[in-house]
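Notes to accompany the following structure.
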Amino acid sequence: MVELLTSLSPAPRRPSPTPAAPRRGPPPRGRAYSPRGVTLRTATVADAAPGADDYHSTIRSLNSSGRHVPRKSLGQNYMLNSKVNEELAAAGGGGGGVEEGDVVLEIGQGTGSLTAALLEAGATVFAVEKDKHMATLVKDRFGSTERLKVIEEDITKFHIRSHFLPFMKEKYHNTTKRAKVVSNLPFNVSTEVVKLLLPMGDIFSVVVLMLQDETAARLADSSIQTPEYRPINVFVNFYSEPEYKFRVDRENFFPRPKVHGAVISFKLKNAEEYPPVGSPKSFFSMVDSAFNGKRKMLRKSLQHLCSSSEIEAALHKIGLPVTARPSDLMLDDFVRLHSHLVEV
C-alpha cells in the first residue's frame with residue numbers, strides 16, 4: 001500500500017482562533033539577510049486562519065491527485081498559509097495589488113492556493129504548471145470558473161509571446177493595459193525565470209515572486225563593492241525597479257525547505273525607459289565579461305574587446321580610476337563605459 005502524505009511530515013502547529021500579530025522588523029542575527037533600509041515582515045503559520053488551504057487540506061489535495069510525494073526535482077514546496085497568498089496578491093501592483101479585471105500569469109500553481117487568492121481578488125489567471133498531476137488537480141478544483149486557464153508546460157520552454165499574449169489581448173479587448181505576474185515560484189528556476197520575464201515590460205507591468213530569502217535580498221540590493229554584487233543586479237536594474245517586500249518563514253511550506261522564502265516585486269520598465277545602449281545583447285555580454293574576472297581590473301578582463309590603453313581612456317572619460325574593477329561600477333557606469341568602448 002502506498003503511504004499517504006500524512007505520515008511524511010508532522011503537521012505544523014494549529015493556528016489559534018485569534019491569529020498572532022505578525023512579527024515585523026529584521027530577523028535575528030544569523031537567520032536571514034536583508035537589504036539595507038528594508039523593513040521585513042515575517043509571515044508564520046501562526047498568522048493563518050483555518051481555511052481551504054491549510055496543512056490538512058493541502059495533504060488531502062495531494063493524496064487525491066495521485067501524487068503522494070512532492071517532487072524535489074521540480075522544486076515543489078506548497079504554501080500552507082492563506083495570509084501569505086493574500087499578501088502575494090496584494091503585492092501585485094500599485095497600492096491595491098491585484099484588482100478586479102487584471103490578467104495574471106501564475107507559474108507553478110501547485111494545489112491552487114495562490115490561484116484561489118488571485119481569483120478571489122477578481123483576476124483572470126493564466127497558470128503554467130509543469131507537473132501534469134498538479135495541472136489536473138487545479139483544473140478539477142476550479143472547473144466551474146471561466147477565469148482560469150491552465151497550461152501543462154515548463155515555463156522555461158513556454159513561448160509567452162505566442163501563447164499568453166493573445167490570451168491577454170482577448171481578455172483586455174486589445175487595449176494597452178498590461179498583465180501581471182504573481183507566483184510562488186519553484187526555487188530551482190528562480191534566476192532563469194527572472195531573466196525570462198523582466199525584459200517583457202511591453203506585456204507585464206509588475207512581476208511579484210516568492211523566492212528564496214537570500215536570492216530575493218540579493219536581487220533587491222544593488223549596492224556596489226559587495227560580495228553579492230553580480231551581473232544579475234545590473235540586469236535587474238536595467239529592466240526593472242526591484243523591491244523586497246517581506247520574508248516568509250520556512251514552516252509555512254510543505255515540505256519544509258531548508259531556507260526561508262521571501263516576496264520580491266519588480267516594477268517593469270517600458271522600452272523607452274531602458275538605459276540608452278545600442279544593443280542590449282552587446283551590453284550584457286560586456287557586463288558578463290567584466291564579472292568573469294570579478295577581482296581583475298577592467299583593463300584586464302575586457303582586453304578581448306579593446307586594448308588596455310583604450311579601456312583606461314574610456315574609464316578616465318567617465319570619471320573612474322583606470323584601476324576600476326566591475327564591483328566599482330553601477331548600472332549607469334556600465335552604460336557609459338559600453339558607449340565609449342563601442343565608439344572605439
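From the backbone N, Cα and C atoms, a Cβ is placed for every residue, glycine too.
Per TrEMBL, region 'Disordered' is recorded for 1-37, 49-71. Look at TrEMBL and you will find 12-29 tagged as compositional bias 'Pro residues'. Annotation comment: TrEMBL describes Asn77, Met79, Gly108, Glu129, Asp154, Asn184 as S-adenosyl-L-methionine binding site. The domain 'Ribosomal RNA adenine methylase transferase N-terminal' annotation in TrEMBL covers 83-270.
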- Rounding to the nearest whole angstrom, report the longest C-alpha distance spanning Asn77, Met79, Gly108, Glu129, Asp154, Asn184, listed for S-adenosyl-L-methionine. 20
- Over the domain 'Ribosomal RNA adenine methylase transferase N-terminal' (83-270), what does the predicted model average in pLDDT? 92
- Count of other CB atoms lying within 10 Å of the CB belonging to Asp154 (S-adenosyl-L-methionine binding site): 13
- Task: Enumerate same-chain residues with a sequence separation of six or more from Glu129 (S-adenosyl-L-methionine binding site) and a Cβ-Cβ distance below 8 A; give 'none' if the list is empty.
- Result: Gly108, Gln109, Gly110, Ala135, Val138, Val150, Ile151, Glu152, Glu153
- When the number of other CB atoms within 10 A of each residue's CB is tallied over all shown chains, which of the binding-site residues Asn77, Asn184 has the maximum? Asn184
- Query: Looking only at Cβ atoms, how many others are within 10 Å of the one on Gly108 (S-adenosyl-L-methionine binding site)?
  - Reply: 24
